[in-house]
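*Asks:* So that we are looking at the same thing, I have put the structure below in structure tokens.
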Amino acid sequence: MAQWGPVARWGRRALSALGPWGPGSITGRRRSISLSVGASGIFGSRGNSEKKFSLQDVAELIRTRACQRVVVMVGAGISTPSGIPDFRSPGSGLYSNLQQYNIPYPEAIFELEFFSHNPKPFFTLAKELYPGNYRPNIIHYFFRLLHDKGLLLRLYTQNIDGLERVSGIPVSKLVEAHGTFASATCTVCRRSFPEEDFWADVMMDRVPCCPVCVGIMKPDIVFFGEPLPERFLLHVLDFPMADLLLILGTSLKVEPFASLSEAVGGSVPRLFINRDLVGSFAWRPRSRDVVQLGDVVHSVQRLVELLGWTEELQDLIQRETGKLDGRDK
């Protein structure tokens with residue numbers, strides 16, 4: 001990881017105002033329920049007659065370009081439809097593969113001390129998540145379409161599967177809060193390497209070593225106790241600029257990522273699409289919050305329909321899927 005520069009140190013101080021500074025940890029129903037939450041939220045009315053905001057209203061803001069600086073926050077819930085396995089779930093093939101390494105608990109593979117003594121489990125996970133094993137789904141391509149239309153200011157992701165990149169969203173539009181497999185850093189000499197310098201070893205079930213000092217090359221994934229990527233802090237300014245915030249598939253439990261949901265202005269609409277009602281959307285909703293509970297894919301499909309983008313999105317998915325098919329041959 002890069003050392004903190006002066007701008008990053010300023011960003012860290014700015015971020016501390018948003019909530020507690022915690023470690024950068026990694027942490028389907030077919031129908032969805034719409035909760036257009038007003039200022040009174042789920043606790044009853046206080047006589048506020050203000051019209052409740054709805055999914056239709058959010059779609060209208062996007063469709064008419066009344067909102068042109070959309071910030072997106074996403075978690076693991078958007079990758080589940082792509083088949084990404086949960087390494088913590090007994091019964092999954094990946095979980096079984098990891099158990100052969102006598103891991104004391106699943107999260108140990110993201111601990112630096114464990115990695116320094118036994119890096120094989122982490123690289124087993126890395127091989128499973130190698131780009132090409134899984135494909136982006138409609139949610140990723142919806143964000144790609146937002147970018148193509150010039151509406152996406154930035155996408156903040158907790159995911160390390162890289163599917164946002166695979167969907168064609170430029171890296172400049174992404175903040176990969178928990179890191180990326182696209183590069184690696186030597187744990188000894190701290191030299192940085194692009195993915196082409198170490199993926200061949202990973203795919204051959206070998207631990208990649210630095211060609212200079214023979215130290216272990218650790219992909220730039222945030223482990224417990226490590227600082228978040230500097231890029232995360234440099235883009236805290238995105239949230240005051242945002243005129244619409246979309247939050248999908250996240251429990252909003254991991255800090256400092258979770259606190260960013262509160263970093264937009266009070267008048268900025270927030271659309272929360274998730275399986276469960278969590279975070280401030282449950283206990284301190286805003287007047288322009290819209291909550292869609294249930295299946296995330298279903299809710300995104302409904303939003304796309306309201307936008308009138310269904311055919312355009314289908315064309316994009318077909319075109320990009322064709323490119324991926326050709327690349328994998």
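Keep in mind that glycine also has a Cβ here, set from the backbone N, Cα and C atoms.
According to TrEMBL, the active site, proton acceptor annotation covers His178. Residues or ranges marked as NAD(+) binding site by TrEMBL: 76-80, 86-88, 158-161, 250-251, 274-276. According to TrEMBL, the feature Zn(2+) binding site maps to Cys186, Cys189, Cys210, Cys213. Look at TrEMBL and you will find 48-310 tagged as domain 'Deacetylase sirtuin-type'.
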*Asks:* Looking only at C-alpha atoms, tell me how far Arg275 (NAD(+) binding site) is from Cys210 (Zn(2+) binding site), rounded to the nearest Å.
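*Replies:* Cα-Cα, rounded: 42 Å.
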*Asks:* For the Zn(2+) site given as Cys186, Cys189, Cys210, Cys213, which other residues of the same chain have their Cβ within 8 Å of the site's Cβ centre?
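*Replies:* After dropping the recorded site residues, what remains is Thr187, Val188, Arg190, Arg191, Val212, Val214, Gly215, Met217.
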*Asks:* To the nearest whole angstrom, state the Cα distance for the pair Cys189 (Zn(2+) binding site) and Thr250 (NAD(+) binding site).
*Replies:* 36
*Asks:* Which is it, of His178, Arg275: the one of these recorded positions whose Cβ has the most other Cβ atoms within 10 Å?
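*Replies:* Output for this query is His178.
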*Asks:* Going by C-alpha distance, which of the recorded positions His178, Cys210, Cys213 is nearest to Thr250 (NAD(+) binding site)?
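*Replies:* Comparing Cα positions, the candidate nearest Thr250 (NAD(+) binding site) turns out to be His178.
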*Asks:* Let me know how many other Cβ atoms fall within 10 Å of the Cβ of Cys210 (Zn(2+) binding site).
*Replies:* 20
*Asks:* Please tell me which one of the binding-site residues listed here (Cys186, Cys210, Cys213) sits closest to Ser79 (NAD(+) binding site), measuring Cα to Cα?
*Replies:* Cys186
*Asks:* List, in sequence order, the same-chain residues at least six positions removed whose CB sits under 8 Å from that of Asn159 (NAD(+) binding site)?
*Replies:* Val74, Gly75, Ala76, Ile78, Ser79, Ile84, Glu176, His178
*Asks:* Including all protein chains shown, what's the count of other C-beta atoms within 10 A of the C-beta of Cys186 (Zn(2+) binding site)?
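*Replies:* Taking all protein chains shown, Cys186 (Zn(2+) binding site) has 20 Cβ neighbours within 10 Å.
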*Asks:* Across all chains shown, how many C-beta atoms besides its own are within 10 angstroms of the C-beta of Cys189 (Zn(2+) binding site)?
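*Replies:* The answer is 11 other Cβ atoms.
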*Asks:* Minimum Cβ neighbour count within 10 Å among the binding-site residues Ala76, Cys213: which residue?
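*Replies:* Across Ala76, Cys213, these binding-site residues, the one with fewest Cβ atoms within 10 Å is Cys213.
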*Asks:* Through the lens of DSSP with three states only, how would you label Cys189 (Zn(2+) binding site)?
*Replies:* coil
*Asks:* Grab the pLDDT values for the domain 'Deacetylase sirtuin-type' (48-310) and give me their mean, rounded.
*Replies:* 92
*Asks:* Enter the number of other CB atoms within 10 angstroms of the CB of Ser79 (NAD(+) binding site).
*Replies:* 27
*Asks:* What three-state secondary structure does DSSP assign to Arg275 (NAD(+) binding site)?
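*Replies:* DSSP call for Arg275 (NAD(+) binding site): coil, neither helix nor strand.
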